[in-house]
Amino acid sequence: MSSFACWSLSLLILFYSPGSGEKAFEVYIWSEKQIVEATESWKINCSTNCAAPDMGGLETPTNKIMLEEHPQGKWKQFLVSNVSKDTVFFCHFTCSGKQHSESLNIRVYQPPAQVTLKLQPPRVFVGEDFTIECTVSPVQPLERLTLSLLRGRETLKNQTFGGAETVPQEATATFNSTALKKDGLNFSCQAELDLRPHGGYIIRSISEYQILEVYEPMQDNQMVIIIVVVSILLFLFVTSVLLCFIFGQHWHRRRTGTYGVLAAWRRLPRAFRARPV
């Protein structure tokens with residue numbers, strides 16, 4: 001045997017020997033999606049390059065159903081569902097008494113289902129301050145969320161949120177402004193959840209439009225006219241009340257006052273009518 005053949009045989013023995021530290025076979029895991037919504041289901045494939053694996057499968061704390069399997073068990077396809085949080089999945093196979101596994105982290109997202117916008121106060125005069133407040137229902141992952149406060153088509157503020165939260169979180173953005181004449185426009189808030197870094201897409205949700213009612217301050221002459229008119233109306237009202245009271249008293253006296261006393265005096269006997277000297 002040539003030296004080259006001996007050297008090649010030695011490498012093969014070293015490669016397949018249990019103590020060589022090299023992997024005798026490979027395990028692969030593939031997911032239909034890298035990020036999923038908590039309510040959806042998707043497919044995961046587990047496969048190996050072992051020609052005749054002893055056994056294999058998918059380890060997961062969630063619900064799973066095996067859909068298909070290779071006749072020799074070289075690959076298996078599963079339908080996974082009911083994932084409520086970020087989860088690590090493991091594909092494992094046993095080949096010639098040796099076991100090997102591969103893992104895959106699947107992220108879970110929750111879209112911005114409800115976006116609410118409030119104007120505080122909803123009615124202002126030109127030059128007064130007001131606040132725009134936008135609140136979004138629990139979202140995950142929060143670090144991929146952007147809230148945009150809009151006046152018409154103009155963006156007033158974009159707010160992002162840091163930190164990698166493991167559970168859905170509410171988010172709020174506020175913007176303080178001074179009312180202008182042009183502020184009688186529609187205000188709105190847009191929530192954007194960007195899942196592209198995780199193999200997903202952009203999810204957008206927008207609030208109902210809110211209109212800020214802006215009033216012009218009254219001029220001095222207008223205020224004077226209003227005060228004069230109100231004063232005249234108040235004077236006429238008070239005068240009419242007093243006249244009604246006076247005429248009512250006069251009518252009452254005519255009915256029960258002077259004429260009543262005179263009639264009673266005439267009914268007295270003549271002896272009692274004499275006036276003392």
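Cβ from N, Cα, C; glycine included.
Taken from Swiss-Prot as is:
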type	residues	note
DISULFID	Cys46-Cys91	disulfide bond
DISULFID	Cys50-Cys95	disulfide bond
DISULFID	Cys134-Cys189	disulfide bond
DOMAIN	39-98	domain 'Ig-like C2-type 1'
DOMAIN	127-196	domain 'Ig-like C2-type 2'
CARBOHYD	Asn45	N-linked glycosylation site
CARBOHYD	Asn82	N-linked glycosylation site
CARBOHYD	Asn158	N-linked glycosylation site
CARBOHYD	Asn176	N-linked glycosylation site
CARBOHYD	Asn186	N-linked glycosylation site
SIGNAL	1-22	signal peptide
TOPO_DOM	23-222	topological domain 'Extracellular'
TOPO_DOM	248-277	topological domain 'Cytoplasmic'
TRANSMEM	223-247	transmembrane segment
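When the C-alpha distances from Cys50 (disulfide bond) to the glycosylation sites Asn82, Asn158, Asn176 are tabulated, the minimum falls on Asn82. Residues within less than 8 Å, Cβ to Cβ, of Cys46 (disulfide bond) and separated from it by at least 6 positions along the same chain comprise Val27, Tyr28, Ile29, Gly56, Gly57, Leu58, Trp75, Lys76, Gln77, Phe78, Cys91, His92, Phe93. Other Cβ atoms within 10 Å of the Cβ of Cys91 (disulfide bond), summed over all protein chains shown, number 26.
Secondary structure at Asn45 (N-linked glycosylation site), taken from DSSP and collapsed to helix, strand or coil, is strand.
Here the glycosylation sites are Asn45, Asn82, Asn158, Asn176, Asn186, and the one ringed by the most other CB atoms within 10 angstroms is Asn45. The Cα atom of Cys95 (disulfide bond) lies nearest to that of Cys189, taking the recorded positions Asn176, Asn186, Cys189 as the candidates. Around Cys95 (disulfide bond), a 10 Å sphere centred on its CB holds 23 further CB atoms from the protein chains shown.
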